[in-house]
Amino acid sequence: MSVEVFYDDDADLGLIQGRTVAVIGYGSQGHAHALSLRDSGVDVVIGLPAGSKSRPKAEEQGLRVRTPAEAAAEADIIMILAPDTAQRALYTESIAPHLAAGKALFFGHGFNIRYGLIQPPADVDVAMVAPKGPGHLVRRQYVDGKGVPCLVAVEQDASGNAFGLALAYAKAIGGTRAGAIRTTFTEETETDLFGEQAVLCGGAAALVQTGFEVLTEAGYAPEVAYFECLHELKLIVDLMYEGGIARMRYSISDTAEYGDLSRGPRVIDSQVKERMRAILGEIRSGEFAREWVAEDEAGRPNFAKWRAESAAHPIEETGSKLRGMMSWVDRPITETA
């Protein structure tokens, strides 16, 4: 591999076991990090607002819960796992006043550091540990003695051993069992945003909706169009997930593969690639970040409008009816057992 990958033998858990880690936030990633850190012998404190609905859950699981400011004051390492748009105010109000020299500030995503929304003092370590999987999977793999690969990066090395500390954190949540890949805040942030916007969320959703529209506008039944453009997407993605595009093409019919190879490049052509490059350019220049921060500060008017418009798309009503015929989709995909 062209990247550096680190495993259990490369990480010293002792670097983190003698310290207190504050996990700020207790959502999907927060609960997985906190419980796995605790089970790895790390002293953990959860930082949540007094009225947070997650407080009882964290306390029921045997974790100490304090306000974000109290947790930050107590901790040697502060991991911020709150939503991107909440982090700047959270940092300014609750963390910065307690960020003494020698402490470490960790992130699960590089957005606020990459775009300068948070600017830590020079005398603290700034690092990132970002598992490449949802929190429930991170926790399940840890409990099973396995792990989820993660990205590890250092933006500021005040101590001289920030990367070693980040690797220790990754090991404590099971990441080095599978492999911790060294990256940078810039690379993680820019590729993550691009994947979300152009491929995984924006690109895929737009492709599915447009395909549904083409079929229904041509007179085909919405139910049949739903199956062909949305429902069966999972079958294809699962094959790609398990063994790449080659595995998918090996598993489908020759007719499907010929259509894939001969027609796919006509759908995603050089013009689409140029528009994808333009989207990447907006991410790299900071244009997207500035737009999103301004949208959030303005109360998210465009976001709310676009969300409502998408929710009203005919594919949603059709899908809701058809999923009533599918007993196997009653169980939430995030439910683990």
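Glycine is treated like the rest: Cβ placed from N, Cα and C.
In the record from Swiss-Prot, residues TYR26, GLY27, SER28, GLN29, SER52, SER54, ASP84, THR85, ALA86, GLN87 bind NADP(+); the candidate from GLY116, GLY133, GLY135 listed for the same site is GLY135. Helix, strand and coil counts under DSSP for the domain 'KARI C-terminal knotted' (184-329) come to 126 helix, 0 strand, 20 coil. Annotation: no binding-site residues among TYR26, SER52, GLU228, GLU232 have CA atoms within 10 angstroms of the CA of GLU196 (Mg(2+) 1 binding site). Looking only at the recorded positions SER28, SER52, HIS109, the one with its C-alpha closest to GLU228 (Mg(2+) 2 binding site) is SER28. All protein chains considered, the CB of ALA86 (NADP(+) binding site) has 14 other CB atoms within 10 Å.
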